[in-house]
Amino acid sequence: MKTDTPSLETPQAARLRRRQLIRQLLERDKTPLAILFMAAVVGTLVGLAAVAFDKGVAWLQNQRMEALVHTADNYPLLLTVAFLCSAVLAMFGYFLVRKYAPEAGGSGIPEIEGALEDQRPVRWWRVLPVKFFGGLGTLGGGMVLGREGPTVQIGGNIGRMVLDIFRLKGDEARHTLLATGAAAGLAAAFNAPLAGILFIIEEMRPQFRYTLISIKAVFIGVIMSTIMYRIFNHEVALIDVGKLSDAPLNTLWLYLILGIIFGIFGPIFNKWVLGMQDLLHRVHGGNITKWVLMGGAIGGLCGLLGFVAPATSGGGFNLIPIATAGNFSMGMLVFIFVARVITTLLCFSSGAPGGIFAPMLALGTVLGTAFGMVVVELFPQYHLEAGTFAIAGMGALLAASIRAPLTGIILVLEMTDNYQLILPMIITGLGATLLAQFTGGKPLYSEILARTLAKQEAEQLARSKAASASENT
């Protein structure tokens with residue numbers, strides 16, 4: 001009697017068939033869904049990292065304030081503690097960068113732009129811990145820096161980390177996940193998903209390879225990072241300035257004048273940043289000890305200012321609603337503006353791990369408020385609010401400096417929830433961008449990247465000459 005024939009398909013063959021079906025699904029319609037899945041993973045990790053970074057900075061700042069409270073009865077001791085706390089935190093950040101990952105210094109956005117062009121390395125195993133903990137030190141110490149620089153660079157490096165862990169190959173996957181991580185980092189830093197998308201498309205337009213896959217991945221990454229941010233921080237505008245009145249049509253010409261002012265100041269500000277970089281480099285000369293001590297002095301100065309004049313230190317998010325509400329006199333606004341220009345130049349140009357978006361938003365707000373106070377006095381018949389010019393000015397300096405008007409406009413709208421001011425903001429941003437371009441100003445990040453690449457080329461040339469000289473001896 002014949003026994004039943006067993007199934008010819010072994011368990012191993014069944015597993016292989018299932019894997020093949022899954023692979024066909026992932027590659028259906030020539031759409032590598034694996035990249036989109038990785039984009040979701042990247043966005044989730046970036047959102048969590050941004051939340052952890054934000055909470056860490058806030059915790060360090062609170063600890064620093066508590067230390068000052070305990071010495072409030074002794075004024076000389078209070079000033080000493082204010083200086084030392086910030087100096088030590090800053091020195092910690094400078095030391096990590098200089099010792100372990102020099103590319104983690106500064107904003108980090110030019111590094112991502114260079115990586116997208118295959119001109120800069122992405123050493124995520126070094127950059128991630130150095131940028132995270134170094135940024136905690138400098139921002140937690142009250143330096144005039146923004147959180148977006150660290151989160152964008154951390155995001156791009158997380159994209160590369162995920163690529164390496166899952167062993168995805170190909171330039172498209174590498175480029176897409178780098179861009180996705182960077183966009184997710186900006187979105188999570190400001191709770192501004194649309195600004196994160198526009199940042200990649202506009203600011204990184206020379207480097208971003210716009211394809212259907214890459215833009216889908218950026219969308220997915222930004223969505224996931226924003227969800228992570230809002231889970232821990234609720235769905236509220238990052239900066240609460242209240243609902244401001246709309247700008248009447250017969251006052252729009254005033255916003256064009258404001259844009260012209262920023263169009264003049266933006267290129268000048270960029271030159272000051274680059275000039276301060278050269279000056280501070282001459283001070284430390286590349287010596288790690290001098291560089292760390294210099295950073296400690298700058299950090300300590302910011303710590304003192306944070307106690308004596310709080311509006312002149314820190315990223316500036318606490319300053320923006322106060323200035324927009326008109327709580328400063330004209331003289332105080334001028335003082336804050338001058339002081340913050342100096343501290344922004346010192347902190348950012350020194351190579352501290354931190355961004356410049358937030359300080360520029362604060363500078364734009366202060367200058368916009370001052371302009372608004374002037375026009376309110378000059379044109380009482382218009383019944384204007386100085387706060388509307390503050391909001392218009394927030395994104396105008398970004399537009400003039402980094403040449404990204406759309407990103408600046410949408411970023412401010414998402415952060416303040418004042419969408420009714422979109423028309424005056426467009427006029428201000430357009431005026432600032434056109435005049436900055438007309439006067440020959442170049443985007444700040446492009447200038448910094450060009451300097452970095454020139455330095456890299458010089459170092460490679462010096463090493464090759466040294467190697468050839470040693471071979472000849």
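Just so it is clear, glycine is given a Cβ too, placed from its N, Cα and C backbone atoms.
Residues or ranges marked as chloride binding site by Swiss-Prot on the basis of sequence analysis: Ser107, Ile356, Phe357, Tyr445. Under 8 Å, Cβ to Cβ, and six or more positions away along its own chain, Ile356 (chloride binding site) finds Ser107, Leu145, Gly146, Gly149, Val273, Thr344, Phe348, Leu444.
Swiss-Prot lists 106-110 with the feature motif 'Selectivity filter part_1'. For the motif 'Selectivity filter part_1' (106-110), same-chain residues at least 6 beyond its ends with a Cβ under 8 Å from one of its own Cβ atoms are 131, 149-150, 152-154, 156, 182, 203, 348, 351-356, 445-446, 448-449, 452.
Note on the motif 'Selectivity filter part_2' (146-150): mean pLDDT across this stretch is 92. The motif 'Selectivity filter part_2' feature in Swiss-Prot is assigned to 146-150; the stated evidence is sequence analysis.
Feature annotation from Swiss-Prot assigns site 'Mediates proton transfer from the protein to the inner aqueous phase' to Glu203; the stated evidence is sequence analysis. When other Cβ atoms within 10 Å of the Cβ of Glu203 (site 'Mediates proton transfer from the protein to the inner aqueous phase') are tallied across all protein chains shown, the result is 25.
For 1-32 (among others), the entry in Swiss-Prot reads topological domain 'Cytoplasmic', with the evidence type sequence analysis.
Each residue in the topological domain 'Cytoplasmic' (117-123) gets a DSSP state, and the totals come to 0 helix, 0 strand, 7 coil. Sequence annotations record features per position, and here Swiss-Prot assigns topological domain 'Cytoplasmic' to 117-123 (among others) based on sequence analysis.
Swiss-Prot lists 167-176 (among others) with the feature topological domain 'Cytoplasmic', giving sequence analysis as the kind of evidence. Across the topological domain 'Cytoplasmic' (167-176), DSSP classifies residues as 6 helix, 0 strand, 4 coil.
Per Swiss-Prot, topological domain 'Cytoplasmic' is recorded for 202-214 (among others), and the stated evidence type is sequence analysis.
Summarising the annotation, Swiss-Prot assigns topological domain 'Cytoplasmic' to 282-287 (among others).
The topological domain 'Cytoplasmic' annotation in Swiss-Prot covers 439-473 (among others) and rests on sequence analysis.
Annotation source Swiss-Prot lists transmembrane segment at 33-69 (among others), citing sequence analysis.
Taken from Swiss-Prot, the feature transmembrane segment applies to 77-100 (among others). Among residues of the same chain six or more beyond the transmembrane segment (77-100), those with a C-beta under 8 A of the stretch's C-beta atoms are 60, 64, 67-68, 71, 126, 130, 133-138, 140-143, 288, 291-293, 295-304, 306-307, 350-353.
Among the features that Swiss-Prot reports, transmembrane segment is placed at 124-141 (among others), with the record citing sequence analysis. Panel annotation: around the transmembrane segment (124-141), residues 49, 52-53, 56-57, 59-61, 64, 85-94, 96-97, 100-101, 103-104, 108, 147, 149-150, 153-154, 157-158, 160-161, 164, 295, 299, 302-303, 315, 347, 352-354 of the same chain, lying at least six beyond its termini, place a Cβ under 8 Å from a Cβ of the stretch.
Same-chain residues lying 6 or more positions outside the transmembrane segment (148-166) and placing a CB less than 8 Å from one of its CB atoms are 34, 38, 41-42, 45-46, 49-50, 53, 104, 106-109, 111-112, 115, 122, 124-125, 127-128, 131-132, 135, 139, 173-174, 177-186, 188-190, 221, 225, 353-358. As annotated by Swiss-Prot, transmembrane segment applies to 148-166 (among others).
Per Swiss-Prot, the feature transmembrane segment maps to 215-232 (among others); the stated evidence is sequence analysis. Remote same-chain residues near the transmembrane segment (215-232) are listed as 35-36, 38-40, 42-44, 46-48, 50-51, 55, 155, 159, 176-177, 179-181, 183-185, 187-188, 191, 193, 196-197, 200-201 (criterion: CB distance under 8 Å, separation of at least six residues from the stretch ends).
Among residues of the same chain six or more beyond the transmembrane segment (253-281), those with a C-beta under 8 A of the stretch's C-beta atoms are 247, 294, 341, 345-346, 348-351, 356, 364, 367-368, 371, 375, 379, 384, 389, 392-393, 396-397, 399-401, 424-425, 427-436, 438-442, 444, 447-448, 451. Taken from Swiss-Prot, the feature transmembrane segment applies to 253-281 (among others).
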Ask   = Near the transmembrane segment (288-309), which same-chain residues lie under 8 Å Cβ to Cβ, leaving out any that are not at least 6 residues past its ends?
value = 64, 68, 78-79, 82-91, 93-95, 98-99, 138, 141-144, 280, 335-336, 339, 343, 346-347, 350-352
Query = DSSP says what for the motif 'Selectivity filter part_2' (146-150): how many helix, strand, coil residues?
reply = 3 helix, 1 strand, 1 coil
Note = Whole-number Å distance separating the Cα atoms of Glu203 (site 'Mediates proton transfer from the protein to the inner aqueous phase') and Phe357 (chloride binding site) is 13
Remark   = If you tally other C-beta atoms within 10 angstroms for each of the binding-site residues Phe357, Tyr445, the top scorer is Phe357
Note = Simplified to three states, DSSP reports Ser107 (chloride binding site) as coil
Query = What count of other C-beta atoms do you get within 10 angstroms of the C-beta of Ser107 (chloride binding site), across all chains shown?
reply = 25
